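Below: one structure, written as structure tokens.
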Amino acid sequence: MLDSFNREINYLRISVTDKCNLNCFYCKPGNFQEFSPGDILTFEEILEVVRAFLPLGLKKVRITGGEPLVRKNLLYLIENIAALPGIDDLALTTNGILFPRYARDLKSAGLSRVNFSLDSLNPDKFRSITGGGELKNVLEAINLALELDLTPVKINTVLLRGINLDEIDAFVDFIFRYPVHWRFIELMPLNDREKWQRQFVSVKEIVEIISAKYKLIPGKTVGGAGPARYYEVPEALGTIGVISPLSNHFCEYCNRLRLTSTGKLRLCLAKNQEVDIKSLLRSGISQEELTGVLREAILRKPRAHEFGDKDFLGTMANIGG
């Protein structure tokens, strides 16, 4: 379905939990409060939303969190979404820690591909950033995803000045050894703006740093039709991608809505404009009526984000990564 600005909205990102087995500081601020179980949508409620979205042209679904693999019985949700007519891309974003335990079952259930969040290739720094995670588990997960052909495999890294910007050569070197797509993402000002100003690294600076050592050739979009701009590097097995939500936003081409774990339909990541889907579901709304609500929401999707608004507050764990 087209929104009011002629963008085709065919992609739903579904957060199934705000909980995570890691504690990355930019995702969860110190005062982060987890939701209680009753606040979270059940899998049947999530499936109701997906089914109601299908008549509007839904084609792509991504399961996120928190860390989605900490949600019990996630395979049930994956299997049921994969079985729906019209869904041609079902993806998962994970930190990779639990992925080896579930990878083969996820593949069998119908998962198309997987993205990994990884902000350091230094084991000690990885533990520091994540609050105790083990890098070797994530590297095992990446290898397993490639082995199972859950491709294209994408790795998402938030580059942070003073934290991991000095590892950029190591990240680029990785694509010479593995056929993965390593994407660098600008830090978004979701909670602590003062810290954000100190740590923010623009995509322009990232490209300048990499191109000083490597030849970057603008490449084609890699499966998923997301906002990344990709570059090929001669002799590399993979590619480099950059995502610039702030310095060069991609709102003109935005094709997605977000369903939070608590049942709020978020029309834009950076706006507090939401539709309380959970209350509608629990009041007995019919699927046809819910489709109508989704249609109206799509038509209210804003033209562009407002990361500069001083009243914007949020955390990625609550909103959904």
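The backbone N, Cα and C atoms fix where each Cβ goes, glycine too.
The GTP binding site annotation in Swiss-Prot covers R13, R62, T93, K154, R256, L257, R258. Taken residue by residue with DSSP, L257 (GTP binding site) is part of a strand.
Among the features that Swiss-Prot reports, [4Fe-4S] cluster 1 binding site is placed at C20, C24, C27. Reduced to three states, the DSSP call for C27 ([4Fe-4S] cluster 1 binding site) is coil. Other C-beta atoms found within 10 angstroms of the C-beta of C27 ([4Fe-4S] cluster 1 binding site) number 23, with every protein chain shown included.
DSSP assigns S117 (S-adenosyl-L-methionine binding site) to a strand segment in the three-state reduction. What Swiss-Prot lists as S-adenosyl-L-methionine binding site is Y26, G66, S117, M188, and the listing cites sequence analysis.
Its own atom aside, the Cβ of C268 ([4Fe-4S] cluster 2 binding site) has 19 Cβ atoms within 10 angstroms in the protein chains shown. Among the features that Swiss-Prot reports, [4Fe-4S] cluster 2 binding site is placed at C251, C254, C268.
In the predicted model, the domain 'Radical SAM core' (4-220) has a mean pLDDT of 94. As annotated by Swiss-Prot, domain 'Radical SAM core' applies to 4-220.
S117 (S-adenosyl-L-methionine binding site) is 7 Å away from T93 (GTP binding site) when you measure Cα to Cα. Looking at S117 (S-adenosyl-L-methionine binding site) and K154 (GTP binding site), their Cα atoms lie 9 Å from each other.
The record assigns Y26, G66, S117, M188 to the S-adenosyl-L-methionine binding site, and the maximum Cα to Cα distance across that set is 16 Å. For the recorded [4Fe-4S] cluster 2 site, residues C251, C254, C268 set the reference point as the centre of their Cβ atoms, and the other residues of that chain within 8 Å of it by Cβ are H249, F250, L269, A270, K301, P302, R303, A304, H305.
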